[in-house]
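Colleague: For reference, the structure I am asking about is given below.
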Ligand SMILES: NC(=O)C[C@H](N)C(=O)O
């Protein structure tokens, strides 16, 4: 982190990394490594799904090659320190010795460097998929496999890197961001435009950056690291097939800029602060699709596209979410589809910007029951649909409500009434930032002190939506009522509302009645 960075900081070493209860300590007694070595190591699992980064040329075309990636890495001093591994008996300690590597340390001369101050090695283990895939061949089953593997190894590692082809990386990153529920550790996708074994590969830098971030920072998001930047995974889109800067996050700045200094915009990091245990939701609905409007599109095309079994579509509209309002035939097809329960999200075809209600042509879609998608990318909107429709226990009405919500920072929420919102963790981040709280324990302290206050503020105005958000984010229980519902342990709020609040999970226990 850059010294001059004014953003909200958390001390990486005070994170959930080594001290967070990784299961590796249980295997400790098997070999004689010193505690201090183990304590100064972060553990990262690298899931290799394929993509150009590990490809080779065969008959003049790039293709995946199994069982060779680790060998390439072991030859690269920037990605593996063999001397350290031998000196510290790293291979004797890890059961996956053949596929476990360790990053070198930062040179002492660079003692100004944030990474040097951390004095921490990133030990990483590769899990290679069979078959390795060009990402064009990825399906929702592959997304589910990645999610399940993260879940299976969640307690053993401090962070996760997913090696993936660039072509569909934005889709996978979006999907994983929704599938990973109550995430507390970084999951970072990366890959390259040129194979890592080639002289001018971008893969070495991309992998190194992703590993350093996954090992040093508690960014509990699904991110995508490419060309010196960490983006929120559900905000990116592939924009270039011929440059190393292949991705853009058009509506959200990067979370990390890894230039001479590594600068983290902590105030932007998505922190649901949930108390629930990490889990993955792997049941995705495949009856979803993307439909791009174009001048002259026929109602037959729209009708055909919306036929069963289609259950949800992302409608890619013009400008600020506009569609031809002088085409009743089109609008009728859309209305008929939403009436029979098809969920339609409105996303703009523009690279930047948001859907809004500025034009009559945009309002017409709202009247057809289309859900405004804000500034979501079509990739994120499609993944969100697939995820929400996969929650088959929910009614269509509930699914529709969830689609309006900002679940993982995938869209910018505009609050018209005030400059800040109590519904996400931004208020807590602002306060913590202002008082310089940056350790995990300090952040928890700020949260525990403020959540009841925020809940009270919401209760006072009868803002049930905020109360629900706080409950979801902070694992609290509350009972809320108006003046006629006063119970024994309540306290009046203004002249009308009351709130009884209790928190039973996580680091602290307590209850409040106000
Ligand atoms: N650069 C890449 O990784 C492109 C490759 N076709 C893939 O997506 O797997």
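Just so you know, glycine gets a Cβ as well, placed from its N, Cα and C.
Note that the structure is a prediction, hence the values are computed from the model and not measured.
Here's the feature list from TrEMBL:
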REGION    1-22  region 'Disordered'
COMPBIAS  7-22  compositional bias 'Low complexity'
DOMAIN    43-267  domain 'L-asparaginase N-terminal'
ACT_SITE  52  active site
ACT_SITE  166  active site
DOMAIN    287-402  domain 'Asparaginase/glutaminase C-terminal'
Colleague: Roughly how many Å lie between the Cα atoms of residue 166 (active site) and residue 52 (active site), rounded to a whole value?
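Modeller: Just about 8 Å between their Cα atoms.
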Colleague: Just jot down the residues in the same chain as residue 52 (active site), at least 6 apart in sequence, with C-beta under 8 A of its C-beta; none if empty.
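Modeller: Within the chain, residue 52 (active site) has Cβ neighbours under 8 Å at 62, 165, 166, 191, 192, 193, 194, 195, 203.
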Colleague: Tally of helix, strand and coil residues over the domain 'Asparaginase/glutaminase C-terminal' (287-402) according to DSSP?
Modeller: 46 helix, 21 strand, 49 coil
Colleague: What average pLDDT does the predicted model assign to the domain 'L-asparaginase N-terminal' (43-267)?
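Modeller: When the pLDDT values over the domain 'L-asparaginase N-terminal' (43-267) are averaged, the result is 95.
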Colleague: So if I draw a 10 Å sphere around the Cβ of residue 166 (active site), how many other Cβ atoms end up inside it?
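Modeller: I get 23 for this one.
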